[in-house]
Amino acid sequence: MGEDGEVDKTPLLADTPSSSGQLPEGFKRTGTLWTAITHIITGVIGSGVLSLAWSVAQLGWIAGPLALVCLAGITFISASLLSDCYRSPDPEQGHTRNKTYMDAVRLNLGKKSIWVCGLFQLVSLFGVNIAYTVTTSISARAIQKANCFHKEGHQASCSYGGNIYMLLFGIVQIICSQTPDFHNMGWLSFVATIMSFSYASIGFALGLAKVLGNGRIKGSIGGVTKASGVEKMWIVSQAIGDIAFAYPYSIILLEIQDTLKSPPAENRTMKNASMISISITTLYYLFCGCLGYAAFGDETPGNLLTGFGFYEPYWLVDFANACVIVHLVGGYQVYSQPVFAVVEKWFSQKYPNSGFVNNYYTLKAPLLPACKLNLLRLCFRTAYVVTTTAVALVFPYFNQVLGVLGALNFWPLTIYFPVQMYFVQRNIAPWTKKWIVLQIFSMACLLVSLVALVGSVEGLISAKLSKA
């Protein structure tokens with residue numbers, strides 16, 4: 001009410017000045033080593049960790065752990081190369097900031113590379129969100145099945161569909177997607193990181209308990225035996241693709257680095273954060289992957305927490321899967337925000353006078369704090385979430401989807417572009433020692449990616465045809 005008893009007629013949607021989508025003058029970056037670590041772990045330890053026991057089972061006791069360690073080393077090398085591309089021309093004192101992966105490609109490699117890189121990056125981010133939608137559905141269904149098995153017995157059918165959970169996850173993401181950008185997501189990454197540690201630790205503990213209960217370590221040097229050499233080749237290729245999916249975070253690295261304060265120089269902080277994060281991640285991956293294989297041997301499930309190698313304690317299995325769901329809510333945002341930023345920036349530059357694109361409105365609701373609403377953000381981000389949910393409904397195959405995504409995007413985004421940008425940034429001439437070493441490194445990773453991609457696509461097609 002006003003002073004004269006008149007009703008306050010402030011509209012529900014109040015027009016505010018337009019925004020270009022750029023950070024305001026005087027904006028102060030406050031990110032630290034530890035916030036960077038939480039962002040990285042949130043982005044890396046996602047649905048991929050749940051397939052690692054299966055991957056180790058396909059590769060065996062030598063090749064499985066070795067593949068995990070090798071991928072960790074490759075990821076750190078890539079992250080170190082890319083972190084030097086945040087500032088230009090000098091990696092520490094350069095006046096130009098490359099705030100996104102695409103900005104770095106544009107500045108260092110030119111416009112021709114942007115289209116190829118942009119396509120791979122958007123497909124990668126989009127694909128991760130599909131995988132997270134599938135995984136959330138599987139974990140939600142696993143909670144329902146665990147309760148059923150506890151109540152009805154381990155031999156009960158307890159069969160449930162997952163579509164409703166994908167739809168519910170989509171609704172939650174539509175709401176969460178209205179978060180403006182990375183600078184407003186520190187709390188979300190913090191919560192998601194706690195969740196990732198929780199369910200990874202539970203998976204480790206359950207695997208250890210299973211091994212102790214068995215009284216022996218299962219598994220073999222060569223991994224799961226298949227009917228033919230060709231079938232073994234396909235499944236090994238898919239396992240490599242799954243591991244490749246579990247590690248890289250190059251497509252969000254510069255967005256994370258852009259949140260860091262300086263001094264110290266952002267690239268130094270980011271390299272330290274990458275080293276710590278990858279070390280922690282690798283230890284967790286080795287524990288979860290190797291203990292899962294040791295516990296189940298050739299019968300290791302595709303998803304450690306939902307394949308029901310573990311029935312009891314059912315409440316702990318429920319809690320672990322609940323942690324997976326909460327983590328993936330945050331992880332989805334970590335991988336979708338760069339897509340939102342690129343698309344909305346393009347619209348803002350293309351249509352600078354459009355109110356639909358650039359105007360912000362203040363939404364006021366009773367008992368809730370006011371929030372700003374942009375119509376382009378509302379429409380595009382909603383459509384994006386709807387699309388990822390729809391694709392997940394069509395291809396709800398956990399291991400196969402992870403394998404395809406890991407193999408498809410590993411080489412171009414994690415290896416090729418960072419290496420090429422590093423050449424430009426450091427003015428490395430062709431046929432020098434460092435140039436030759438990095439080119440050999442890149443070509444070796446390309447070969448591995450192609451093998452993994454072929455095997456993973458074969459697995460996805462086979463899974464789809466078997467369900468037809």
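Quick reminder: no glycine exception, Cβ is built from N, Cα and C everywhere.
Taken from TrEMBL, the feature region 'Disordered' applies to 1-25.
Annotation source TrEMBL lists domain 'Amino acid transporter transmembrane' at 30-461.
The transmembrane segment annotation in TrEMBL covers 33-54 (among others). Residues 68, 128, 131-132, 134-135, 182, 186, 188-190, 192-193, 196-197, 200, 203, 207, 239, 242-243, 245-249, 252, 256-257, 259-260, 269-270, 272-274, 276-278, 280-281, 284-285, 288-293, 295-296, 300-306, 324, 327-328, 330-331, 334-335, 398-399, 402, 406 of the same chain, all 6+ positions outside the transmembrane segment (33-54), place their C-beta atoms under 8 angstroms from a C-beta of that stretch.
Look at TrEMBL and you will find 61-82 (among others) tagged as transmembrane segment. Proximity of distant same-chain residues to the transmembrane segment (61-82), defined by a Cβ-Cβ separation under 8 Å and at least 6 residues beyond the stretch ends, is recorded for 52, 55, 101, 104, 219-221, 223, 239-240, 243-244, 246-250, 253-254, 270-271, 274-275, 278-279, 281-282, 285-286, 289-290, 293, 414-415, 418-419, 421-422, 441, 445.
Sequence annotations record features per position, and here TrEMBL assigns transmembrane segment to 113-135 (among others). Tertiary proximity for the transmembrane segment (113-135) is limited to same-chain residues at least six positions away from its ends with a CB under 8 Å from its CB atoms, namely 46-47, 50, 101-102, 105-106, 166, 169-170, 245, 251, 303, 324, 328, 331-332, 335-336, 338-339, 342, 387-389, 391-392, 395-398, 401-402, 404-405, 408-409, 412-413, 417, 420.
Within the same chain, residues 133-134, 136-138, 140-141, 144-145, 148-149, 325, 328-329, 332-333, 336, 381-382, 385-386, 388-389, 392-393, 396 sit at least 6 positions outside the transmembrane segment (156-175) and bring their C-beta atoms closer than 8 Å to a C-beta of that stretch. For 156-175 (among others), the entry in TrEMBL reads transmembrane segment.
Tertiary proximity for the transmembrane segment (187-209) is limited to same-chain residues at least six positions away from its ends with a CB under 8 Å from its CB atoms, namely 35, 38-39, 41-42, 45-46, 49-50, 53, 176, 179, 284, 287-288, 291-292, 294-295, 304-305, 310, 316-317, 319-321, 323-324, 326-327, 329-331, 333-334. Residues or ranges marked as transmembrane segment in TrEMBL: 187-209 (among others).
Sequence-distant contacts of the transmembrane segment (275-294), counting only residues of its own chain at least 6 positions beyond either end whose CB sits under 8 Å from a CB of the stretch, comprise 33, 36-37, 40-41, 44-45, 49, 52-57, 61, 64-65, 68-69, 72, 75-76, 79, 197, 200, 203-204, 207-208, 210-211, 217-219, 246-247, 300, 304, 309. Per TrEMBL, transmembrane segment is recorded for 275-294 (among others).
According to TrEMBL, the feature transmembrane segment maps to 314-335 (among others). Under 8 Å from some Cβ of the transmembrane segment (314-335) lie the Cβ atoms of residues 39, 42-43, 45-47, 50, 125, 128-129, 132-133, 135-136, 139-140, 142-143, 146-147, 149-150, 169, 172-173, 176-177, 179, 185, 188-189, 191-193, 195-196, 198-199, 202-203, 206, 251-252, 305-306, all in the same chain and six or more residues away from its ends.
TrEMBL lists 404-424 (among others) with the feature transmembrane segment.
Positions annotated as transmembrane segment by TrEMBL: 436-457 (among others).
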